[in-house]
Each structure stands twice: as structure tokens, then as C-alpha cells.
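K.L.:
Handing you a structure now.
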Amino acid sequence: MAAESAAGHATGHGTGNGTGNDTGSAVNLGTPAVPGARSSGPGATTPRPDNPALIDTFGRVATDLRVSLTDKCNLRCSYCMPAEGLEWMPGDQVLSDDELVRLMDIAVGRLGVTDIRLTGGEPLLRPNLEELVARITSLEPRPRLSMTTNGIGFAKRAGAFAEAGLNRINVSLDSVNPETFERITRRDRLRHVLDGLAAAREAGLEPVKINAVLIRGENDHEATSLLRFALENGYHLRFIEQMPLDAQHGWDRANMITATEILDLLSTEFTLTPSPAERGGAPAERWLVDGGPAEVGVIPSVTRPFCAACERTRLTADGAVRSCLFSNDETDLRMLLRGGASDEDIANVWRDTMWGKLAGHEINEAGFAQPLRPMSSIGG
Ligand code: SAM
Ligand code: SF4
């Protein structure tokens, strides 16, 4: 397919909130799924109905919990954090395993969370992670458990994670060229990431997904080689539009490679047609490659926001609940945990936080303010 027609499909694809151009911001909130919730209007001014789930005033229900296990990382991806790293969270502020498990138990047992993804920072840096995974997968009802990781060190641990009940893994990989990889991540660790990917596949943690971010002038010329690599190895590749969440606040809209550009780059070598698969609350637009069954995903977080279908709630490593990656406020659960609050008290505070979830992330609105917490501290 020609690049142009791939882009044409892209603008008409997805949940119906695309605007047909790359700066669109319209958020079509659709029909509320929760009776009594309103379908438009800012913030939460109406009382929260008596509903155990994590509902918001726009009718969305959060069932997918992202948990950041640490803000530390052993890479320094240029779109995420500065070369010198960051001032990491003080250890006493980071939730213990017991505290994390208690919050996840509340999430699955009282709040209707069905899916948990472990992330960071780099989650593999968290000590005794295999044990924590086993504790999470023993919760009732048992959540589906996945992890987003840079893959470093995973090769030796893949079998243990599979045994502990981990279901799936996403590995971040922006280039299969060692020089490009080192320039972007500021570390010479490509081999370790590739070994981690292969081990995940061998351990049956499938589908093994790859997350890639394209940076103009850095790796955008490698979009097709990344897809070729993924196809050859049976990995599912998804490109993520770069978001204004870097710690150094260096994001520049003009420099971002848009979803449409990504599809055009891929279309120079592959034929892309929209996947018939249901997207649901998933962020990726999916495309069949050369007629399928192989697919590639594009996550157009900035240019075609999918906020209307968002099913996420987020917990940071220091115990803050956030209703959105881009929230400018968050709720501290650590104080409640350590102050003797009951499970139901904590559940209610979590419900209140999600009830106040805004319609969308507002990146495309005048006056958008990047959140104080960077991606590495919120958990991507
Ligand atoms: N360290 C792990 C990793 O890299 O997979 C987990 C945390 S990382 C913050 C989670 C995901 O966020 C990665 O796929 C990474 O590429 C992506 N990411 C980080 N900063 C981003 C940004 N500014 N825009 C878009 N994606 C970003
Ligand atoms: Fe680390 Fe992930 Fe950020 Fe890269 S994207 S610096 S691997 S937290």
C-alpha cells in the first residue's frame, strides 16, 4: 500500500475520536457505561454514586491498574530522563511489598480491577520481584499480570517469572542497531535487551510485545528495520508517539514523529491494512502487515487521543493514586496505609480519585501543563 493510503486509513481508524489531522484534540466521550454518570462536563461536581467499581463522571470504568515499582532505571533514554539520571525517591517513601500487595488486593477484591501491569522506572530493579509476582498472582480474584520493562537482566529470570504466574511482557526497544541503541539509551546494553526478548518467548510469555518510540533524526529511519526484526522473531511491535512526560521537559511537538508519519514510514516497505480486531480500551491502533496475520500497532497518544475509552488507574511507587498519566493532582494512599486506615476507607479514597478523572489529557489544548512527575516516576 502506498504511504498516502496507509495514512488515510489511519485517520479514519479507532474509536471515533480521531479528527483527521495531526493536531486534533476532540474527545468523543460516547455513551456512559455507568447509569447515572453524565456524558459531558468538566471534573466531578456531582456526588459519587454507590458503586464499588472505579467509575468516573464520564461513564468510564477503570479495570486496568498500572503499578510503578520503582522510579530508578539502568538506562537513560533521552525522551525519558537526563543523562545524569534523577534524584530518586527516598527509600522510606517507596511502598514495601506488603503495602503494595495490600493495595493490589483492595484493587482486585473491592474495586473490580482485572488487569495489573508492573512498570517503573525499571521494574526489574525491584528486589525480590519474582516473589512479589507470585504474591500478586495468588490474589483472589486472580488478576492478569503483565510487565513493561527494558528487558535488561530478564534473560536469566524469564523462567522464574513465568513460574510465578506472570502472563505477558512488553519490552521497550527503539533500535536493533547497537550504535543507535546506545545513542538513545546512553548505555551499551542492546545485547541484554535482545536476550531478554528471546528468553521471554522461550518461557511462553506470549505474545511478546515490543514498545518503540521514534525520535526525529535519531531512529526514525529505522522504523522498517524494527518491524522486520519483530516479524522475523514473532514479536508484536507497537510504536508509541512521544509524549510530553520527559523529566527534562524537552518534548517539542514539531519534533514528535506522529502516528501518520510512522504509518507512512512503514508503508515504504510494507502493506498496511486496518486490523479487523476489536480495539476496546486498548491504546494501540492495529494494522495487518502484508495482509496478516502479523500486525503492527501504533499508539497515537498525542495526535489521536483515546481518552474516551480509557480503562486505566495508576499507582506510583510511593503510593499515590493517579487517574491519568497527565493528572496534575494525585492522592496519597501511603499515609492512609501507614496511618491504620481500613481497606474500605482506602477503597473509598481510590474511588473518589477516579470519580474526579478528567475527560482527556488536554495535550492539544492551549495552556496544557506537563505534570510535575515524569513518566519514569508515574510508571508508563
Ligand atoms: N523501564 C521500562 C521500559 O522502558 O519499558 C518501564 C517504564 S517506561 C517509562 C514505560 C514505557 O514508556 C516504555 O515503553 C518507554 O519507551 C515509554 N516512554 C518513556 N518516556 C516516554 C515518552 N516521553 N513518550 C512516550 N513513551 C515514553
Ligand atoms: Fe528507563 Fe524505561 Fe525511562 Fe528508558 S523509558 S530511561 S528504560 S524508565
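Backbone N, Cα and C atoms are what each Cβ position is placed from, and that goes for glycine too.
Where the annotation comes from TrEMBL, it is an automatic prediction and has not been curated.
Feature table excerpt (TrEMBL):
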| type | residues | note |
| --- | --- | --- |
| REGION | 1-52 | region 'Disordered' |
| COMPBIAS | 1-10 | compositional bias 'Low complexity' |
| COMPBIAS | 11-21 | compositional bias 'Gly residues' |
| BINDING | Arg66, Arg117, Thr148, Lys209, Arg312, Thr313, Arg314 | GTP binding site |
| BINDING | Cys73, Cys77, Cys80 | [4Fe-4S] cluster 1 binding site |
| BINDING | Tyr79, Gly121, Ser172, Met243 | S-adenosyl-L-methionine binding site |
| BINDING | Cys307, Cys310, Cys324 | [4Fe-4S] cluster 2 binding site |
K.L.:
Across the listed GTP-binding residues, Arg66, Arg117, Thr148, Lys209, Arg312, Thr313, Arg314, what is the farthest Cα to Cα distance, given in whole Å?
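P.N.:
Spelled out: the longest distance between any two Cα atoms in Arg66, Arg117, Thr148, Lys209, Arg312, Thr313, Arg314 is 21 Å.
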K.L.:
Binding-site residues Gly121, Thr148, Cys310, Arg314: which have a Cα within 10 Å of Cys73 ([4Fe-4S] cluster 1 binding site)?
P.N.:
Gly121
K.L.:
Checking proximity to ligand 2 here: which binding-site residues out of Arg66, Cys77, Cys80, Arg117, Cys310, Arg312 have their Cβ closer than 6 Å to it?
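P.N.:
Within range of ligand 2: Cys77, Cys80.
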K.L.:
Which secondary structure state does DSSP assign to Cys310 ([4Fe-4S] cluster 2 binding site), in the simple three-class scheme?
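P.N.:
In three-state terms, Cys310 ([4Fe-4S] cluster 2 binding site) counts as coil.
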K.L.:
Of the binding-site residues Arg66, Gly121, Thr148, Cys310, Arg314, which one sits closest to Cys77 ([4Fe-4S] cluster 1 binding site) when you measure Cα to Cα?
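P.N.:
Looking at Cα distances from Cys77 ([4Fe-4S] cluster 1 binding site), the smallest one goes to Gly121.
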K.L.:
Using C-alpha positions only, work out which of the binding-site residues Arg66, Tyr79, Thr148, Ser172, Met243 is nearest to Cys324 ([4Fe-4S] cluster 2 binding site).
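P.N.:
Spatially nearest to Cys324 ([4Fe-4S] cluster 2 binding site) by Cα position is Arg66.
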K.L.:
Using C-alpha atoms only, work out the spacing between Thr148 (GTP binding site) and Ser172 (S-adenosyl-L-methionine binding site) and round it to an integer in Å.
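P.N.:
Pair distance, Cα basis, whole Å: 7 Å.
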K.L.:
On a C-alpha basis, identify the one among Arg66, Cys80, Lys209, Cys307, Cys310 that is nearest to Met243 (S-adenosyl-L-methionine binding site); the candidates are the binding-site residues.
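P.N.:
If we rank Arg66, Cys80, Lys209, Cys307, Cys310 by Cα distance to Met243 (S-adenosyl-L-methionine binding site), first place goes to Cys80.
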K.L.:
How far is it from Cys80 ([4Fe-4S] cluster 1 binding site) to Arg117 (GTP binding site), counting Cα to Cα, in Å?
P.N.:
19
K.L.:
Can you give me the same-chain residues 6 or more apart in sequence from Arg66 (GTP binding site) with a CB-CB distance under 8 Å?
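P.N.:
Long-range Cβ contacts: Ile116, Arg117, Thr119, Arg312, Thr313, Arg314, Leu315, Gly379, Gly380.
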K.L.:
Around the Cβ of Gly121 (S-adenosyl-L-methionine binding site), how many other Cβ atoms lie within 10 Å? Please give the count over every shown protein chain.
P.N.:
28
K.L.:
For ligand 1, list the binding-site residues among Cys80, Ser172, Cys310 whose CB atom is within a distance below 6 Å of it, in sequence order.
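P.N.:
Close enough to ligand 1 are Cys80, Ser172.
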K.L.:
For Cys310 ([4Fe-4S] cluster 2 binding site), which residues of its chain lie six or more apart in sequence with Cβ-Cβ distance below 8 Å?
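P.N.:
Cys310 ([4Fe-4S] cluster 2 binding site) has long-range Cβ partners Arg60, Ala62, Gly281, Cys324, Lys357.
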K.L.:
Out of Thr148, Ser172, Thr313, give me whichever of these binding-site residues has the highest number of other Cβ atoms within 10 Å.
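P.N.:
Of the binding-site residues Thr148, Ser172, Thr313, the highest Cβ count within 10 Å belongs to Thr313.
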K.L.:
In whole Å, how far is Lys209 (GTP binding site) from Ser172 (S-adenosyl-L-methionine binding site) when you measure between their Cα atoms?
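P.N.:
Between the Cα atoms of Ser172 (S-adenosyl-L-methionine binding site) and Lys209 (GTP binding site), the distance comes to 8 Å.
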